[in-house]
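Colleague: So TrEMBL lists the following for this protein:
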type	residues	note
DOMAIN	A:1-182	domain 'UmuC'
SITE	A:5	site 'Substrate discrimination'
BINDING	A:100	Mg(2+) binding site
ACT_SITE	A:101	active site
DNA sequence: GCGGATCAC
DNA sequence: TATGGTGATCCGC
């Protein structure tokens, strides 16, 4: 398989920033882009009320020159669709990872007899021309290496990793660059003296499985340049959820129940548009001390009814009265065990065609 | 199947 | 230091 991973840099483009950011009023400072920082941190520091999602980074802008920009998700979504159109010129085998990242299987492509790099350059340049966004991509013989190469190429580059180069390339990478290796796994790996791809390669597969179970096997394979997972371009969603954090916390039962009703209705609407039903309702709740639990209930028969979802969520909620005492910081509902409705019109037509 | 943990973005 | 929202997967029961 020729795999391809593209990552579009939206957050650094002034028009497409997806998240809250802080920007200097004076465009002569910081190239007119201002300074991106953790919105909540800045909000607290400068006494501005804000609970925007956070991103990374820098400071150095005086307080009186700061202004908060709300995220424009509509814009973000529409640009993402534009980018996807360009990718679809090359192949329909696209696995979206998020609005701005995707895997493409270009073993076959729609444009003709081109190399993976030629296809990549075509998309990269077209995306830049049509949206002004830079993107990087990685190309290799499997998904893992394609993604690794893409990260390596950021913010506006490309990386081609050939089979005979893979092991050396991986040996040089820090374990933090391995997909699936997060904070916790990193900590344990480093305690074992494993800091790089070379260290992973030096350990036996058995050793890694003994320490990390399935994850160990995956890391062993990845470090050796092996990843057989396909580009899942037809995957369907397995859960749908809605949750919200409150500042200050919620103490009133009526308010909590109203929120649950709203979430249930939102979820029911999505079930409707996606033509699926659910067999399992999950309640998620977090108190002021950040103590979080989830409780779920399996249904006898699947549903897409807002009120039925609400009733289950309410039942689960009422089994946890302690949270109202403490104060509710977060409340959420999600549904899993989704079942595709059969005999869907679109399916019928597409089958007949 | 359930609930917590971990991870990605 | 302060930790948002959505979704997936894995582990140990």
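Using the three backbone atoms N, Cα and C, a Cβ is placed for every residue, glycine included.
No curator has checked TrEMBL annotations; they are predicted automatically.
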Colleague: Under DSSP, is residue A:101 (active site) part of a helix or a strand, or is it coil?
Modeller: strand
Colleague: Out of these recorded positions, A:5, A:101, which one has the fewest other C-beta atoms within 10 Å of its own C-beta?
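Modeller: A:101, out of the recorded positions A:5, A:101, has the fewest neighbouring Cβ atoms within 10 Å.
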Colleague: If you count Cβ atoms within 10 Å of the Cβ of residue A:100 (Mg(2+) binding site), leaving out that atom itself, what do you get?
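Modeller: Residue A:100 (Mg(2+) binding site): 20 neighbouring Cβ atoms within 10 Å.
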Colleague: Tell me, what is the mean pLDDT of the domain 'UmuC' (A:1-182)?
Modeller: 72
